Amino acid sequence: WRRPQMTDLLKILFILCSFPGVTSSTECSCGRNHFTCAVSAFGECTCIPAQWQCDGDNDCGDHSDEDGCMLPTCSPLDFHCDNGKCIRRSWVCDGDNDCEDDSDEQDCPPRECEEDEFSCQNGYCIRSLWHCDGDNDCGDNSDEQCDMRKCSEKEFRCSDGSCIAEHWFCDGDTDCKDGSDEENCPSDVPAATCSLEEFQCAYGRCILDIYHCDGDDDCGDWSDESDCSSHQPCRSGEFMCNSGLCINAGWRCDGDFDCDDQSDERNCTTSMCTADQFRCKSGRCVRLSWRCDGEDDCSDNSDEENCENTGTPQCAPDQFLCGNGRCIGQRKLCNGANDCGDGSDESPHQNCRPRTGEENCNVNNGGCAQKCQMVRGMVQCTCHTGYRLLEDGRSCQDVNECAEEGYCSQGCTNSEGGFQCWCEQGYELRPDKRSCKALGPEPVLLFANRIDIRQVLPHRSEYTLLLNNLENAIALDFHHSKELVFWSDVTLDRIMRANLNGSNVEEVVSTGLESPGASPQEKAKWVPNRRIELSGLAIDWIHDKLYWTDSGTSRIEYSNMDGSNRRIIADTHLFWPNGLTIDYAGHRMYWVDAKHHVIERADLDGRNRKAVISQGLPHPFAITVFEDSLYWTDWHTKSINSANKFTGKNQEIIRNKLHFPMDIHTLHPQRQPAGRNRCGANNGGCTHLCLPSSKDYTCACPTGFRKTSSHACAQSLDKFLLFARRMDIRRISFDTDDLSDDVIPLADVRSAVALDWDSKDDYVYWTDVSTDSISRAKWDGSSQEVVVDTSLESPAGLAIDWVTNKLYWTDAGTDRIEVSNTDGTMRTVLIWENLDRPRDIVVDPVGGFMYWTDWGASPKIERAGMDASNRLVIISSNLTWPNGLAIDYESKRLYWADAGMKTIEYASLDGSNRKVLIGSNLPHPFGLTLYGERIYWTDWQAKSIQSADRRTGQARETLQDNLENLMDIHVFHRHRPPVHTACEVGNGGCSHLCLLAPLPKGYSCTCPTGINLQSDGKTCSPGMTSFLIFARRTDIRMVSLDIPYFADVVVSVNVTMKNTIAIGVDPREGKVYWSDSTLRKISRAALDGSQFEDIITTGLLTTDGLAVDAVGRKIYWTDTGTNRIEVGNLDGSMRKVLVWQNLDSPRAIALYHEMGSLLWADAHTESKGNINLNGANRHTLLSPVQHPYGLTLLDSYIYWTDWQTRSIHRADKDTGANVILVRANLPGLMDIQAVDRARPLGFNKCGVRNGGCSHLCLPHPTGFSCACPTGIQLKRDEQTCDSSPETYLLFSSRASIRRISLDTSDHTDVHIPVPELNNVISLDYDSVDGKIYYTDVFLDVIRRSDLNGSNMETVIGQGLKTTDGLAVDWVARNLYWTDTGRNTIEVARLDGSSRKVLINNSLDEPRAIAVFPKKGYLFWTDWGHIAKIERANLDGSERKILINTDLGWPNGLTLDYDTRRIYWVDAHLDRIESCDLNGKLRQVLVSQVSHPFALTQQDRWIYWTDWQTKSIQRVDKYSGRNKETVLANVEGLMDIIVVSPQRQTGSNACGVNNGGCTHLCFARASDFVCACPDEPDGRPCSTSEFTECHGDSREGLHVSYIIGGLLSILFILLLIAALIIYRHNKSKFTDPGLGNLTYSNPSYRTSTQEVKIEAIPKPTMYNQLCYKKETGPDHSYTKEKIKIVEGICLLSSDDSEWDDLKQIRSSRGGILRDHVCMKTDTVSIQASSGSLDDTETEQLLQEEQSECSSVNTAAATPERRGSLPDTGWKHQRKPSTESEV
């Protein structure tokens, strides 16, 4: 039988096969009567005749024409699978998926699984550990039907059930795969505030500015790549795409779209290909070596046309290769049909057996060896599964399944007709008997995301954060057994590590790195390394091999781990070999090529290379492998992807929409299998490095160190080349032959230029023109220190005098040459005139000369003595940019390099005999040095270090090339000849500096800058006599006026200055005084920096002006924060406020001591004021005036500081002429003073016995007057002061306790210097011992101290949680306090002994507390669930609720002992109220206050602290009027009390001998009791009860019975009457729709929860403040803004935040209006009947009903405690729930 029209079909087939489908297409379409084979891995299409489908022959080559076909029959010994496959019947129901469709395992009897196995629904048994691990181990996914895990409290659950970090919710990044974390986000999310080094994306995220316009979508919305037209262009060798992306210039017009906008292939000509490239028909350029290599590199096959047939194409194993090169199925051989088209598959080309036409399967099995079947009347032989038909068409041969890649995951053993898969150690065969599963934990993908490192579970996409807030993390790896993760940061140029839980972040390598782990695609991060440009790196420690990809040479190499046996694995068809990974179990390696968009694999020796994936890879970067899957990151799609490692199929996106995925690894113990440590436990006996080799190990030395034996290295370097590269300093050892450069591990090297060295102390010195400093360190990087860091602008040259240990340098910014000791001390200016940009400098201690280059307007080379004597220009012609200098001491020559002339020249040391040494091929020489017979130099343009013969310039060599930013160069050695000088003996007799000079002088003495040498020529003056001194925010400097040049010298105070503004000088003692507005201190020190001390540390805000009265020995200052002018002694004592009224912003201040006047300038009122030094006779001098900052006079000159020009100027004070620049380039200039210590001081009017004053003596124009410190009154003798104020306020403000005297009118606060204050809340005072008692809720202690801050001691130090209230019983000597955290009221003796809990039931947030010892009463407020004010006896008995209605948050509480009334503030209702001691006669004193916290009473005034206005205010206690602000602008105001002789009066029975009690004595209304502490103290304790009556006991008993009976009868009658009235009123007034009165009450806990108000719409913030317990390391309190609704808290310094309160207040018409309809608690109105009569009750109910008439109020609400805000006093607090109001 013949196929009809076979010739025509073959022609069609030939045409179709000759034109494969386009590689970018994923679908192919063949004509009618043809079958379309599957698309190949390279995107090619194949068409075959339709009759060839399902004929049992592999015609497509990939079996796609036979997939899913039902074969005619199977042997009776075989099982017929559903997919047509035949398998052995013995394999049915054996638990293995032999059919590959599970049909051989269907309807099988259930198999019993072991106890440690999980039973799959398909009958398989798997390990129990594999259940719910994310892998489909059963094959039917029944082992993964699991409940979703619960997300933790710090996680957000996505809609798909996965969990992400909580702070990723609504952060602008899509972290959930379904995007649910960015849904329903609030539109008012505040935008992130980016720093100056960051770029803000359109949706708010901050990225590094270096990512802006770099061509990468770092923001995720391309906003960082928009508007890049003005951005810095690409570097040389790069092409800028229209989008701003920079690509390699060689990719322009190469036929590949490398730009994201394809602009690199526009407007191209056909002549762009280079000589080593081939131009395709499409115009694309490919490598010439790719021509005729059998691969379609051009995509149009033009590189494979007209090629000679150099080899036979490969057909599948079960295909036949025709003579014309085509492949057909093996069964079509000798079938009588011309299937090849050229007859090569039939006779006579093949030895085909003639057909008789009488063949039959029934006769001798048709001649078949195994299976026979009749097809179209002809015998067709087939084979059993596991065999293949031979060419004779009859015989069968065993198929080697193990030869087919991927048939088994790992190991495979072939057998006759079958095979067996096996797994490596650490893996186990899955139930399919072909794939291997790793034992151990679930695998985790660990990947770098630039700004963080994240981990994702590949099978479940569980997504968590490991490390965040990173700069630019690129490469990473891990150490599984030590649980460490390592990563490189190319912005910080660091290699870091941390624990795998994200803790303990630390640096591993911090020097010598440039973009570690970066790839060449990162343009600014290309890392050239002499030989290779590493992109990928992998280690095979099992076989001790190191693998790497080299993008510079486009190849992949490997070597032993000691660097030996280096070999090339692959060097063809590579362009950007990026990521590299090793499959340890599969013994293969995989890599990605970003340019060819391919993932390839090969054996570990490079053989059997094959493309795994060649489509759908826009920009693969890193890759990892685990089990049978590959995982890779892609820059373009911002995703992590996976695929089968054998076929590249089953591609899946694990995560997408990432920030910028970089490196990736699989975190699992099997990715780091155990290997043999060839170095053993003792490091192989090596002194330094032990590196494994293939069979042994090698001892190695650090770079540059020579080996002293096979296992030992030298301990130091003898000689090496030292050179600077701006960001680092490197060395090239001459002790070894490899000449590799090594970075000296130094910190904070930013722009190193000049170098020198001193082998005597092993120091290397360098200058840094970015930090303007000179530093030094040992040659190994240790002992690094800054030598000089002040008054430098551009230190470009450096030289060491190794003989006298001097440091010389040039400064091109200041045009000076200076010298100091090598440690930076005794610095002085040598040359300051006629210098114009001095550059390099060298010294000759032998001859006593120094030489320097000057490349200003008139370039020259000069010399002078090392003491600046005998200055002479030696070279001044034919110079352009004279750079490096070097001295040849042997030949007495001076060498120099000229970057402008492009020469290296030399001359004699006097400038004669000038010659050119090298005059060609010197693009830009910079540094120069000599050693031995060679001269070495650096070249900027050539980017190299070169050397030549120093005499001839010949024999040039390049030591290093491709080095950017090369600077100075020197050779460090230990062979400098000894030199003897006169300075060796006794420093030459010099008191300070001994400098060498040319003979015959030999040396000279000189002094530090600004100090004159005395007439003996050897001794320096003790200091400057006439000088300018000025503040520069972070330091104080002096400019001497004794010398002929202006040079500033830093006052070397060993203290950190933050914002030094004002300064003053005491010329008598030689001390400088300054104020620091950031540290809020006034300090002083000697002019040499010694004797530093802080003199004023409290009560300062912004001290802008300061003046020292050197005559009167006083210091005056202005404070723009408190708007005061104050005075004190020079040591800060006896401080007094002089001016406090009508000041707006007092700044500059000056003294006119002769006239006894003080002058100041006010910046806001633009006026100048004058007042006597004693504070009297104030008047305005001039208004308005401009505002110059620093100004001073001395002799005939005026000096001033200029902020804009950052300079100090001088002019004639009379005419303003002759303006000169004193000093420039001084940022942060502030105050300036001119001082002449030789000028006599004026007469001190107070000089004799302080004028007879006990405290302050202040002069005025006609004499002087005595004055007292702030708040203290002068006695009638007008000379003596009281010891302290008689009546004053004491208040706390978190970190301070202050006093305001009520004896004086200034109401100025004075800090009480109590140490260790953190968060002081409550206060009280004991007038008997003069002690202050206070609670500190940060430390949870109660302490006390004297009024002067001394004798601080802890009274109660344990068992406290939140002590809100404190009260001293001055009679019984007891201390009471409330503890909100424990809900208790406790008492103890004043020394903390005999502690006892008085009340611990029915308390809910007790707050303020007060005692009335004379009456024996204890009062307290409770603002918990039911707000109330209560009273009890001092022993806690006879407890009574006084007020429990119409209360919000009763905060402060105080008693008026005279009128016997209780006053309290309500922070929720914002009012002040009072009642009598029984809760009666209640009245509102002030109905509109902002946010009161605490209050107190004195005379006719009520004083209170207010959080919102940050002030202390007062009103008349009778009328509530005459409101005044006592003190304003005080942060963190808390408690306030009055100390007065009239305050703590009265007595009781406990006042004498403690009432006879052994421990506690409690006075009551008519008697007293003794009590014992809760914890026995070992002493006997009495608990007797005593009355205060002392008459006849029997008479007293009789009278008491009579009185008791009468009172009982009266009480019963009143109770009956009250019940009748109650029922009557209830039926008359009760409205069932009214509901219950409820209130929100703060508990002062920091919280960010919101309390929603449903009844009355209110502004979004009800703006109640709270105090926080959390503090910074310095106990400072952040002014963070907490946006909270209704009664939580707001910590803010912005008064505008309180605008919403106006809306609240305006709605309040009466005392109940604001809260009638706010239902948060269930306090019924009837509960107040105890304190309201019938009329008041009726009126109250009517007001309640009218207020709620238009509001639909809510009924009962959840428990109130959930709405309580948090004080922040405790770090941990139970989380509160929302309360519906």
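Note that Cβ sites are derived from N, Cα and C of the backbone, with glycine treated the same way.
Predicted automatically and left uncurated, TrEMBL annotations should be read as such.
Per TrEMBL, the residue from C185, C201, C206 that shares a disulphide bond with C194 is C206. Of the listed residues C132, C138, C163, C163 is the one TrEMBL pairs with C151, by disulfide bond. C315 is paired in TrEMBL with C327, the candidate among C307, C322, C327 named as its disulfide partner.
Per TrEMBL, the disulphide partner of C176 among C158, C185, C201 is C158. TrEMBL names the disulfide partner of C273 among C259, C280, C285 as C285. Noted from TrEMBL: C322 is disulfide-bonded to C340, selected from C298, C340, C352.
When you check TrEMBL, the disulphide partner of C120 from the set C99, C138, C146 turns out to be C138.
Shown are the disulfide-bonded residues C185, C201, C285; of these, the residue with the fewest other Cβ atoms within 10 Å is C185.
A simple way to gauge crowding: the CB of C253 (disulfide bond) has 20 other CB atoms within 10 angstroms, across all the protein chains here. With the fewest other Cβ atoms inside 10 Å of its Cβ, the least crowded of the disulfide-bonded residues C99, C213, C273, C322 in this structure is C273. Each of the disulfide-bonded residues C81, C93, C125 was ranked by the number of other C-beta atoms within 10 Å, and first place falls to C81. Looking only at Cα atoms, C108 (disulfide bond) sits nearest to C322 among the disulfide-bonded residues C170, C268, C307, C322. C285 (disulfide bond) has none of the disulfide-bonded residues C99, C307, C340 nearby, counting only those with a Cα within 10 angstroms of its own Cα.
Here the candidates are the disulfide-bonded residues C280, C292, C322. The one whose C-alpha lies nearest to that of C113 (disulfide bond) is C322. Same-chain residues lying 6+ beyond the ends of the repeat 'LDL-receptor class B' (805-847) with a Cβ under 8 Å from its Cβ atoms: 754, 758, 761, 763, 765, 767, 772, 774, 776, 786-788, 791-799, 853-858, 864, 866-868, 871, 882-887, 889, 894, 896, 909, 928, 968, 979, 981, 992-993, 995-996, 998, 1006-1009, 1045, 1047, 1049, 1225. Per-residue confidence over the domain 'EGF-like' (421-436) averages 88 (mean pLDDT, predicted model). Broken down by DSSP into helix, strand and coil, the repeat 'LDL-receptor class B' (544-586) contains 0 helix, 23 strand, 20 coil. Looking only at Cα atoms, C125 (disulfide bond) sits nearest to C99 among the disulfide-bonded residues C99, C170, C185, C340. Considering only the disulfide-bonded residues C99, C292, C340, the residue whose Cα is spatially closest to the Cα of C273 (disulfide bond) is C292. Here C322 (disulfide bond) is compared against the disulfide-bonded residues C185, C201, C213, C253, C280, and the shortest C-alpha distance is to C280.
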